[in-house]
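Let me begin by presenting the structure, written as structure tokens, before commenting on it.
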């Protein structure tokens, strides 16, 4: 049995930045450091940060006064920002800059009193944060998940000629394309972002899985079940006809996943660390894999700076 390892895989620039923000805050300010929501959706990463003194909460009322709070990579609503300001909490914002771009699109549309449609999954923290950027009382903001949801908007959209759409950054490109096509069919005048909202890392990892799935008998996606982009990778492989499994724990891997399989594809969601990928590879080798081959893929050079207050100066 042979393992083919997808490229690119694992951490993206936004996740790297978010984790660095928590690590540097712990180093510079000492524990406890509070983090609103899991900084990234990966159990392995979150447990490691907890052990170093990070305390993860779901809402700001769980953060004691006079403390530091970090907003997760998924972003927060304006109401959460205002609450932090009113309580004079020290805030470090780990929102991915690509999510912030979508937030700015929504805020801009809101100022123009345009109605906005967000393509995304209800309950996902990125969606909650993005919906929370809209403030216009004259317009409205609506969430759709699939093409079938679009027709229902006809009864509630006030002005189809003044309508804009944005997308959750971690959806599959295919998923959003179908919804966008339906939006344009039902609302021919709808406007969209100048550049697709799906982030570069999501796109690149999905492209890599498309190629990988053609050449293997089964795909293992390293990532947590609450990670949207990791789940999309699994679904994409399955859509292409290749059995796929999502795991963030080597002990969860079942020997029968590989019964009769010759080639095993392995990739990782944008919030999965390479350390965890290596643990998964070790487990698959224990189950009979004899070699690992890296598959060539698109090179990524994206880098996002941490806030200047957390930039640790080198001492000569």
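The backbone N, Cα and C atoms fix where each Cβ goes, glycine too.
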Inset, instruction - Given that Swiss-Prot annotates 96, 199 as [4Fe-4S] cluster-binding, name the residue from 12, 249 that shares the site. - result: 12
Inset, instruction - For the isopentenyl diphosphate site that Swiss-Prot lists with 41, 124, 227, 228, 229, 271, give the additional residue from the candidates 74, 164. - result: 74
Inset, instruction - Restricting to the same chain and to sequence separations of six or more, state which residues have a Cβ under 8 Å from that of residue 126 (active site, proton donor). - result: 74, 75, 99, 120, 168, 169, 170, 228
Legend entry - Distance [Cα-Cα, Å, rounded] between residue 41 (isopentenyl diphosphate binding site) and residue 96 ([4Fe-4S] cluster binding site): 13
Inset, instruction - Round to a whole number and give the Cα-to-Cα distance in Å for the pair residue 96 ([4Fe-4S] cluster binding site) and residue 227 (isopentenyl diphosphate binding site). - result: 15
Inset, instruction - For the recorded isopentenyl diphosphate site, whose residues are 41, 74, 124, 227, 228, 229, 271, find every other residue on that chain with a C-beta no more than 8 angstroms from the centre of their C-beta atoms, and list them by sequence position. - result: 40, 126, 170, 226, 230, 269, 270
